[in-house]
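Annotation comment: TrEMBL describes 158-185 as coiled coil. Annotated domain 'MADS-box' per TrEMBL: 16-76, in sequence order. The feature domain 'K-box' is assigned by TrEMBL to 102-194.
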Amino acid sequence: MVFVRGWVWNFVIYQMGRGKTEMRRIENATSRQVTFSKRRNGLLKKAFELSVLCDAEVALIVFSPRGKLYEFASSSMQETINRYMAHSKNINIEKRMPEQNAQQLKLEVAAMAKKIELLEGYKRKLLGESLGSCSMFELHEIESQLEKSLRNIRGKKHHMLAEQIAELKEKEKTLTEENLVLRHKAEFSLESNENRETVENDENGEEDIEVETELFIGRPGSRRQCNINA
């Protein structure tokens, strides 16, 4: 869309083959009006040709030096203006976004730095440093915070000790059961060995027993008994 005012700007354009041509306001009113009418008609014609040949959406608005309106629109002038306004708004938003983001980041960085500074100061006070500027109320708050932290630390310590004691008791129970099983195995093995030795001794004792037999020599009735130890 092209907006043209009736007044003419002083500027310089370059024309191919003609060199430098100076453009400036026409001082003669009659010549200025004739030139405006010719150039206006040519501009409207070019806008129409551009819309037809290139299937472009064109809207042209021209105000004469006396404020008279001349316009051309390939479709609807109002719809084209609305489209232009929306496009311009989006471009402005896109241009402002990086600036707004950068400004927001600067604010966030500054706030974060301030927060870190406050935390560092509070940390030093908890460590017993930089207490000269503290009021009685602040000292009382720091003392309460330290006592609360100490209670939390002791509670955590007792909890960990209780867990360790329970774990050790469980290990002791497991070891006791294992020792009992090993003791039973050892007693059973010892008893088996004793029984085996007893059986072996009994077998050896039976082999050493002396067997006595009687031997009769001679006729029946006059036999002489002889003891023979086998």
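Glycine is no exception: its Cβ is also placed from the backbone N, Cα and C atoms.
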> Within the domain 'MADS-box' (16-76), how many residues are helix, strand or coil going by DSSP?
Replying inline: 25 helix, 15 strand, 21 coil
> Mean pLDDT over the coiled coil (158-185): what is the value?
Replying inline: 91
>> Summarise the domain 'K-box' (102-194) as counts of helix, strand and coil residues per DSSP.
In response: 84 helix, 0 strand, 9 coil
